[in-house]
């Protein structure tokens with residue numbers, strides 16, 4: 001069948017052949033030169049860039065012609081389809097060889113050690129942005145070392161493209177030099193810089209790409225989104241006033257597009273159910289089908305698979321497989337019924353009248369011996385070995401017990417008809433009618449109907465019991481939107497794990513503080529006022545290559561905060577100010593994972609809290625700043641987190657003994673008085689005492705201690721008493737203000753311990769005071785630095801102005817630098833190690849060596865670790881028992897929140913944590 005995208009013809013040749021100079025001077029240089037300080041009559045950076053692009057396109061149409069595709073291959077290098085196999089380090093080494101740069105020279109060191117410690121230690125000694133920009137640095141070195149010529153040669157766009165096409169075929173360094181050296185010797189230095197940028201396949205237009213497409217033709221970006229083909233996008237029409245029909249803008253088989261994505265759960269189950277049950281008006285035929293299927297107040301519940309999101313395209317006997325990130329895996333899974341790891345089994349998988357179809361699903365690796373779906377990382381090797389197996393008679397591949405298994409959950413196109421605008425229940429009905437499942441090779445993903453929060457709870461328990469990834473809940477009427485749209489009618493739900501904080505948050509970079517290792521400040525956008533509020537700072541987990549990528553993508557966009565602060569209508573910082581700030585529209589997205597939320601951040605960040613022990617998982621180039629977590633979403637996440645902290649942190653849901661009870665009073669009466677240290681003092685103890693390591697001394701334990709040393713315990717304050725009154729607390733409570741208004745000081749529990757330790761009643765000093773209206777009376781008891789004359793205090797007490805989080809920042813940045821204290825790597829985390837063989841004992845020792853806690857109860861730990869050396873069948877049976885018990889005893893409240901559960905991880909999780917000196921995502925080390 002012929003489709004619109006198959007029938008696009010190149011426009012007539014241009015009147016004039018465009019030069020490379022035209023692109024660099026009229027587009028690249030001008031866009032790169034846009035600064036907030038030089039906007040002129042334009043209100044924003046984006047507005048000025050839009051004007052530059054419009055002017056360039058008008059100039060091109062008027063003076064050059066309608067065939068912009070050859071030029072677009074240079075304007076959009078990352079979309080040109082050319083791969084040069086030249087990364088930054090390889091390019092730097094190529095330049096050394098090309099210009100015979102001596103080993104001891106400054107230029108040699110700059111290029112040879114581009115990604116090594118030389119750059120990290122030296123990069124801020126001169127203009128930082130220049131030394132981090134390889135194209136700029138390389139062009140500067142080339143300008144000094146290339147032969148001097150009387151007149152530079154002007155290259156045309158076809159000439160540059162021809163050279164780059166040759167380069168894409170050349171794998172030998174000398175051949176690459178022969179192609180590139182004439183260009184480097186004869187282009188102007190600014191052109192050399194942009195050519196290097198193109199060689200590295202880096203985006204030039206960045207956030208203005210969509211605008212460029214739509215300026216060329218109003219349907220431009222939509223066409224690009226349905227095919228991701230630069231040539232077809234820029235050649236489908238020479239008349240921007242001639243719009244395409246909706247049928248032409250529909251998806252086409254064998255043309256790649258980004259699939260629809262799901263949102264994460266941000267509300268209670270009860271609210272979510274109401275949202276998923278929401279009904280929209282439909283045409284009579286669909287309404288009739290809706291009622292026939294009994295879908296009133298129902299929603300779909302599907303298992304979230306641990307695989308590779310994949311779109312299967314079938315057109316006649318031809319197949320295409322495209323991943324979520326548009327990578328073509330057809331060579332692996334098959335392009336025909338004859339060959340391929342999957343397609344060779346699909347000859348009878350479709351109904352006889354199916355000519356063309358697009359299916360959305362998840363590609364997983366299935367182990368037929370163990371009858372389990374394997375972790376995501378095993379998928380590619382399984383597919384490769386399955387593909388090779390069909391071409392060999394050698395039985396070396398017979399040991400491979402896994403192969404690709406495609407689970408389909410949606411149909412988007414059928415026999416020339418785009419189905420994305422049809423309701424999901426209609427699409428699923430079609431899907432079940434046209435497919436003939438091949439067991440454990442090609443099946444429709446099981447879908448069940450739910451109608452209440454109890455249905456979600458049951459499904460979550462099953463997920464926990466089977467150690468699966470989670471659920472996806474879908475509105476039965478939901479439509480499908482391509483291009484990576486996150487549909488609010490598709491919600492992913494995952495079990496909550498026994499980490500203090502297990503969310504991966506996509507955050508916008510808004511600031512930077514240069515150091516040996518850059519740290520990037522991220523912010524949250526408020527949907528109410530559009531302002532970005534500073535939230536956290538991250539440096540861990542970013543590889544040198546990623547640091548370089550961030551610097552490339554944001555080059556020239558940074559503004560020094562000591563020169564110009566951002567307007568408060570755009571960005572709000574707390575007391576922690578980065579060295580540079582960047583406009584969010586010029587920035588990028590980082591995926592950040594943290595161990596906990598630190599609510600003690602105070603005014604350091606504008607949000608009022610921050611992420612503790614965070615690290616960057618990756619740069620999210622596939623996400624725009626508008627797809628990140630908002631301030632309001634984070635507020636909800638934080639509320640759930642704090643609520644979880646207030647609950648028992650185990651799946652057992654044990655009830656704590658009430659603080660005040662008749663039984664407690666009777667126990668207190670039985671305490672024997674052994675000293676008169678506190679005689680004449682009445683104690684009202686209002687809070688527990690919590691140590692930095694998490695150890696808690698309860699109110700009842702302190703009461704017993706006070707009574708043991710002769711103190712009197714009271715439950716309220718009587719101002720007429722003859723006793724001295726001591727109100728003990730280290731928490732702000734609703735009644736605190738009442739006592740302060742009566743002139744009563746609030747004293748920390750540590751005072752009780754210090755008195756007992758020294759055997760005398762100590763005077764009250766600032767160190768012991770939690771809150772008071774009489775601070776002046778205490779300040780004279782310490783020296784000018786706040787240090788007591790009689791009591792030794794640690795540094796964080798001598799400098800009480802610094803919060804714990806600020807002290808932690810100072811320790812990390814000053815005391816340790818890059819040599820972080822590995823000994824505290826697992827501090828605050830508990831592990832249950834399966835087995836008791838030699839391997840398990842060694843593993844336990846390693847965990848304890850890095851300050852991890854070993855738990856005797858698997859339900860109460862953060863991570864259940866399976867050592868490498870074990871009997872797999874025995875271990876699987878044991879783990880299945882654990883999973884079932886965790887599922888049974890998991891507590892789910894009425895709001896859909898649940899007690900947290902442990903991760904099942906392999907020994908590699910512990911080893912990787914120690915190697916990287918931070919806690920990686922346990923999903924990457926899941927045990928199956």
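Cβ coordinates come from backbone N, Cα and C, glycine included.
Residues or ranges marked as active site, N6-AMP-lysine intermediate by Swiss-Prot: 304. The secondary structure of residue 304 (active site, N6-AMP-lysine intermediate), as reduced to three states from DSSP, is extended strand.
Counting every protein chain shown, 16 other Cβ atoms lie within 10 Å of the Cβ of residue 309 (ATP binding site). Among the features that Swiss-Prot reports, ATP binding site is placed at 302, 304, 309, 362, 409, 469, 474, 492, 494.
DSSP assigns residue 362 (Mg(2+) 1 binding site) to a strand in the three-state reduction. For residue 362 (Mg(2+) 1 binding site), the count of additional Cβ atoms within 10 Å of its Cβ stands at 21 [all protein chains shown]. Annotated Mg(2+) 1 binding site per Swiss-Prot: 362, in sequence order, evidence recorded as sequence analysis.
The domain 'BRCT 1' annotation in Swiss-Prot covers 673-769.
Summarising the annotation, Swiss-Prot assigns domain 'BRCT 2' to 821-927 and lists sequence analysis as the type of evidence.
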Helix-strand-coil residue split for the domain 'BRCT 1' (673-769), DSSP-based: 28 helix, 19 strand, 50 coil
Which same-chain residues, if any, lie at least 6 apart from residue 494 (ATP binding site) yet have Cβ under 8 Å of it: 265, 304, 469, 470, 471
Cβ-Cβ neighbours of residue 409 (ATP binding site) (radius 10 Å): 22
Candidate with the highest Cβ count within 10 Å, taken from the recorded positions 304, 474: 474
Cβ contacts of residue 302 (ATP binding site) (under 8 Å, same chain, 6 or more positions away): 409, 445, 446, 447, 448, 471, 472, 473, 474
DSSP three-state assignment (helix, strand or coil) for residue 494 (ATP binding site): coil
Rounded distance in angstrom between the Cα atoms of residue 309 (ATP binding site) and residue 362 (Mg(2+) 1 binding site): 5
Residues 302, 304, 309, 362, 409, 469, 474, 492, 494 binding ATP per the record - widest CA separation, whole Å: 18
The domain 'BRCT 2' (821-927), counted residue by residue under DSSP: helix, strand, coil: 50 helix, 18 strand, 39 coil
